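Just below is one structure, and these are the notes that go with it.
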Ligand code: ATP
Ligand code: MG
């Protein structure tokens, strides 16, 4: 059944000029881009997005990084979108990511790993609402 997920092309990939190549991979894999925009977020906005990780030792580093430059938040749609995007992204640590995955191709480290993807339906709903208003999601 058609499902929506939320993704972000992270600041490292945008800075390196990989946003277009990553979008091409996403479209080639059969995702429809429902909505996309280029924004820069503050550290406080990054903290709100990643609040589930607030007790983790890397929280400061993560939110500093996510507010370090422009990002492309987007809403994607296809059958089984949440799991399929996670598979296309590859492991969190690019050193462990499978050949052909976005993180294998474009990520430098576990911290600067090119792309975010929602991990469950409830997180996708929260994350889509964090970045997009209803009128942007037709
Ligand atoms: P994402 O949520 O961004 O899609 P993920 O679900 O693969 O990634 P999480 O465990 O949710 O991984 O971690 C969120 C993000 O925090 C990671 O994508 C990465 O950028 C950062 N992160 C995770 N573990 C570490 C770590 N050990 N050191 C530095 N940054 C980390
Ligand atoms: Mg995650």
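Start at 1 and count along the chain as shown; that gives each residue its number.
Any Cβ shown, glycine's included, is placed from N, Cα and C.
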Check TrEMBL for me: it has 10, 58, 92, 103, 113 binding ATP, so pick out which one of 4, 86 it puts in that same site.
86
Listed recorded positions: 10, 86, 92, 113, 116. Which have a CB under 6 angstroms from an atom of ligand 1?
92, 113, 116
Can you name the residues of this chain that are 6 or more positions from residue 116 (active site, pros-phosphohistidine intermediate) yet have a C-beta less than 8 Å from its C-beta?
6, 7, 8, 10
Would you list the DSSP helix, strand and coil counts for the residues of the domain 'Nucleoside diphosphate kinase-like' (2-138)?
64 helix, 26 strand, 47 coil
Among the ATP-binding set 10, 58, 86, 92, 103, 113, as the record gives it, the longest Cα-Cα distance in Å
21
